[in-house]
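These features come from TrEMBL:
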REGION    103-142  region 'Disordered'
COMPBIAS  126-140  compositional bias 'Polar residues'
REGION    151-367  region 'Domain III, AAA+ region'
DOMAIN    184-312  domain 'AAA+ ATPase'
BINDING   Gly195, Gly197, Lys198, Thr199  ATP binding site
REGION    368-493  region 'Domain IV, binds dsDNA'
Amino acid sequence: MRDEADVDLESVWRDSVATLSPGAKVFVYGAKPLSLHNGILIVAVQDDLSRAQLESRVRPALEQALTTQAGEDIRLVVTIDPEVVDDAPELMSPAITVAEEPTDVDLPTSRFVDKDDDFEEDDDSLTPSWVSRSRASQGGPSHRANIAEARLNSRYQFENFVIGSSNRFAHAAAVAAAEAPGKAYNPLVIHGDSGLGKTHLLHAIGHYVINLYPSSRVRYVSSEEFVNDVINAIGENRTPALRRKYREIDVLLVDDIQFIENKDATQEEFFHTFNALHNENKQIVMTSDRPPSELRTLEERLRNRFSWGLQTEMLPPDLETRIAILRKKAATEKLTAPADVLEFIASKVQTNIRELEGALIRATAFANLNGTTVDLQLAQIVLKDLIAEGDDPEITAGMIMAQTAAYSEFTIEELCSSNRSRNLVLARQIAMYLCRELTEMSLPQIGGEFGGRDHTTVMHAERKIRKLMAEKHAVYNQVTELTARIRQQARQS
Ligand SMILES: Nc1ncnc2c1ncn2[C@@H]1O[C@H](COP(=O)(O)OP(=O)(O)OP(=O)(O)O)[C@@H](O)[C@H]1O
């Protein structure tokens, strides 16, 4: 039996719920696990009815799943506590399988120690904003299952997207495709370098379609996920099921299509999926780091298909757009920074909007922790080590993992393992955050580096560390120190 103090309750809970059937998940929705002692897991629900349903409909299956996940016999005790449940993060949504690993108790000796730690799962980033509206208006299990399918990030909407000359056309094409799916531009291919907003537009299309046509079936998928789906389906002899899954979709949003280069079976499957959807006037939108004509090892017939619709390029934003993006970011994330600081950051970070946002977050986090406000001098000091000088050598995931391992006293193998002890989780999340911030790797690529984790795990880690940096000196310092070490190693190598 594992030591209960070592059990990460929320992730055990989430993983257990994820194994339930869609019908059963509905009765667990909104429940919040409170504590685990001597094999008794106390869970809070909203009211009497929720308790009765949980008790009568899913108790055996849930206890079984919890027992498997926790590695010890678990019995459930269900209490009613509306206040606790109101605070429950959206990750309890039955429709969404997300990340792993929060922590919430004292941490043992390690550099990655934060005694005041109040980690909690917080994956609202994965919960579409229209969930609540839909719940109120439709609310049924099948509708919620649809939301899982869509896998949209609520932060990426057209309203949060700043339009400038570098992305105006791509934005207009995206809106047009969302307003008239399958009719305006089909397929729509959005291409451009890393961190320029392609994924943002892809999700925004999904949100907009669902807002306009609530019953439509939308699915966002990274092409790495598509590749995995194909490989698994072939290995498990369930290709017909895979075909059904993708061909029943009304709007298919495929991120980073360049990853299917060199993957013959995937290309074959995608070709047929593409044809099936296109023949039925279903909308297909894809992003790529290059124009399809430059995807050299992509089969000619696919390249040919991709040129049927519209291809639009996103370019690095000009200074004004960068400042406007920072302003918008500051407003939506409630970060306070004066105009000269925004201009300073925008003038220093020119090619990657993710890096632009990261710089703003670091500067405001530092000020927040020190009970001061951001001014130009502070921003210059804080960002000294973060901002690349243009000729800086490339930083790799390997460097980040090696430095994190050395600094945290964990091994690289442990960072990639499934072990969820609290300090290790924090070290792993910081390393994932740094991969996101300092490299151009996609979420699935980063997940792959860390023992084949799902891209939602990386998304969660990024969000978690951003939040913790603004709240915890220790975490801010660890991230800053590690960044400096990684940059130094990159310069020396
Ligand atoms: N025009 C914009 N307005 C507001 N935010 C933007 C804009 N463009 C990009 N961003 C933000 O920049 C970050 C990076 O964007 P995104 O992930 O969409 O880039 P990408 O082109 O898909 O990169 P990659 O190819 O590496 O996946 C996101 O947080 C996104 O919200």
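The backbone N, Cα and C atoms fix where each Cβ goes, and this holds for glycine too.
Just so you know, TrEMBL annotations never went through curation; they're auto-generated.
Sequence features annotated in TrEMBL and their locations in the structure.
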{"residue": "Gly195", "record": "ATP binding site", "Cβ contacts under 8 Å, 6 or more apart": "Thr351, Asn352, Ile353, Arg354, Glu355, Glu440"}
{"residue": "Gly197", "record": "ATP binding site", "Cβ contacts under 8 Å, 6 or more apart": "Phe161, Asn167, Ala170, Met314, Ile353"}
{"residue": "Lys198", "record": "ATP binding site", "Cβ contacts under 8 Å, 6 or more apart": "Ala170, Ile190, His191, Gly192, Asp255, Thr287, Met314"}
{"residue": "Thr199", "record": "ATP binding site", "Cβ contacts under 8 Å, 6 or more apart": "Tyr156, Asp255, Thr287"}
Per-state residue totals over the region 'Domain IV, binds dsDNA' (368-493) - DSSP helix, strand, coil: 87 helix, 0 strand, 39 coil
Three-class DSSP secondary structure - Lys198 (ATP binding site): helix
Secondary structure content of the domain 'AAA+ ATPase' (184-312), with strand meaning DSSP E or B: 67 helix, 24 strand, 38 coil
Average model confidence [pLDDT] within the region 'Domain III, AAA+ region' (151-367): 92
